[in-house]
Amino acid sequence: MEKNPLAAPLLILWFHLDCVSSILNVEQSPQSLHVQEGDSTNFTCSFPSSNFYALHWYRWETAKSPEALFVMTLNGDEKKKGRISATLNTKEGYSYLYIKGSQPEDSATYLCAF
């Protein structure tokens, strides 16, 4: 079967909740996301702004161990690793994970841990 050269691969990015304590309400959105190759996207991790210590972002590919992407500790923190970046707002209680120009190798589960 001949492939259509105009059909762009579809990336599937999963976003799951991982929190240290059941007392903490950490919310992530969206839970799953389908992105066209080359498109940019972002995930949100919301957390209680009180008792903040650190927020961790991980990337987890099937059959591999989770890879630590960023540890966010300071309000206004901005970190970058290639096409992936993250920002932190401890006063409002959220962090964004951005993926610029998505590629097939970005297909993974992205985790936020508080």
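All positions are counted from 1 along the displayed chain.
Every residue, even glycine, has its Cβ placed from backbone N, Cα and C.
Given the structure is predicted, the values throughout are model-derived calculations rather than measurements.
The signal peptide annotation in Swiss-Prot covers 1-22.
The domain 'Ig-like' annotation in Swiss-Prot covers 23-114, and the record cites sequence analysis as its basis.
Residues or ranges marked as N-linked glycosylation site by Swiss-Prot: Asn42. Around the Cβ of Asn42 (N-linked glycosylation site), 15 further Cβ atoms fall within 10 Å across all displayed protein chains.
In this structure, Cys45 (disulfide bond) is part of a beta strand by DSSP. Annotation source Swiss-Prot lists disulfide bond at Cys45-Cys112, citing sequence analysis.
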Task: Packing count at Cys112 (disulfide bond) (other Cβ atoms within 10 Å of its Cβ) - done: 25
Task: Cα separation, Cys112 (disulfide bond) to Asn42 (N-linked glycosylation site) (Å, whole number) - done: 13
